[in-house]
Ligand code: PGA
């Protein structure tokens, strides 16, 4: 069986005490899990988190990275720096980055390349808005987002890329996509990438994200094409995130 992934995106929340509290509170569940448990704290807490998770099975990811390698880019954090402080993963193209900070498909592809070049596993987020879903454009939107990365990185790069389907209308809204809807989109993502190469399917992982809770996580995890979850709000509550981790067993 493919290992599943339970990833927590803390976004711009918390402080040192919160970070320590979450890590302490999820360590047992992570250590007992057969699956990959990843946290993505804000940049400034990455080093602290790296130190605290050292003797646990928790893995570290960042929420974003610069689209440049090195140099005079005030305020930016490079892929190399993330790897240097112990990150193994980095979110790329989260819808909040696309919508609030104007990240285009091209920029997302450039960031994906830099992540891969520096040994990080990009968690590439894709997903449609409510308007796009209602006008039945979700397939086009997701195809464009995926193929932009295929065009720039090559299909083989997807052996080292995790895809996260995060419908924009389900993020932070409490309106999660039903397990059936999510599974349908995940199957479409598998299909779209498999059309480019037969070799992708065995290693591909597609996570679902958008209002995942301890109550609905097991339903997602039991779907054929859902290989894990990317959790926002609920990852800030250690007892809830632990329950989500345990819901996979
Ligand atoms: P949410 O966020 O679980 O709070 O909806 C998910 C995400 O944006 O990764």
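Including glycine, each Cβ sits where the backbone N, Cα and C put it.
Curation plays no part in TrEMBL annotations; they are all automatic predictions.
Residue 94 (active site, electrophile): 27 other CB atoms within 10 A of its CB, across all protein chains. Residues or ranges marked as active site, electrophile in TrEMBL: 94.
Counting only same-chain residues six or more apart in sequence, the Cβ atoms lying under 8 angstroms from the Cβ of residue 166 (active site, proton acceptor) belong to 94, 95, 125, 126, 127, 208, 209, 210, 230. Positions annotated as active site, proton acceptor by TrEMBL: 166.
Feature annotation from TrEMBL assigns substrate binding site to 9, 10, 11, 172, 211, 232, 233. Around the Cβ of residue 211 (substrate binding site), 20 further Cβ atoms fall within 10 Å across all displayed protein chains.
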Residues within 8 Å of the 9, 10, 11, 172, 211, 232, 233 Cβ centre (excluding the substrate site residues themselves):
13, 171, 231, 234, 235, 236
